[in-house]
């Protein structure tokens, strides 16, 4: 096993990272109990799912660190879980606005700005789309397709891997990995687009609920779990990260990614506890807001 070949500093590092993973999970469990007791049932499960993203990624990274042969399975599990979290984050923004009906009532004459990242941030000439039940359905479908199709591609990858047709680090055109990675990349971009569109629309309305900080944490998890891992994997495949027996360059790159993710997800778990722990009052219905505005305009 890998742990048997570690020197004393290596064992100390493994112990510290394992302890950080354990603390992250304990913090999440305590936060989940708080959410279950204090948050309304309509928002409870969504917020728990989003808070679970960092501890789950830390746990899968810790398992992959101790058992290097399981890296493909742990990485896939973390990716599938975060695919569901992307959909849940969109649903949380709708829920924090009071639900779909109240959101449509607040923005009945509003328009979505679709020239936003990651798809169309440079296409400023795109027209704005009216906020209707139909456009909300397409936004929800955009994130739901990823939550549904990511596990399908994971299952397909494992089937091909058992048959010897899928190698994670084989990016030749004849291999299945490059094609599956491209499809998953396109689906990821399509899923992130609706979240960006919705955030641009509601960030002012939900500023009292700290939505900007929550969105930043969500973006950090996305960047660290996908972009950081991709960069380290490319460096490992180009042998820029040297091999260190018994680990090859690719295995060492995966090892570095897992260790970084444990530390990063530990910090994000602690920050999330502070951000989501704060109690916020529900937004007032649009009718009440309109009445208050009318009262303010009346001359004493």
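A Cβ is built for glycine as well, from the same backbone N, Cα and C atoms used for every other residue.
Annotated features in TrEMBL:
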type	residues	note
TRANSMEM	12-34	transmembrane segment
TRANSMEM	46-67	transmembrane segment
TRANSMEM	73-94	transmembrane segment
TRANSMEM	137-161	transmembrane segment
TRANSMEM	176-195	transmembrane segment
TRANSMEM	215-236	transmembrane segment
TRANSMEM	256-276	transmembrane segment
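Listed as Cβ neighbours of the transmembrane segment (256-276) (distance under 8 Å, sequence separation of 6 or more from its ends, same chain) are residues 13, 17, 20-21, 23-24, 27-28, 30-31, 35, 47, 50-51, 54-55, 57-58, 61-62, 64-65, 71, 210, 213-214, 217, 220-221, 224-225, 228-229, 232-233, 241. Two recorded stretches are said to be in contact when at least 3 C-beta pairs lie under 8 angstroms, sequence spacing 6 or more; the transmembrane segment (73-94) and the transmembrane segment (215-236) meet this definition.
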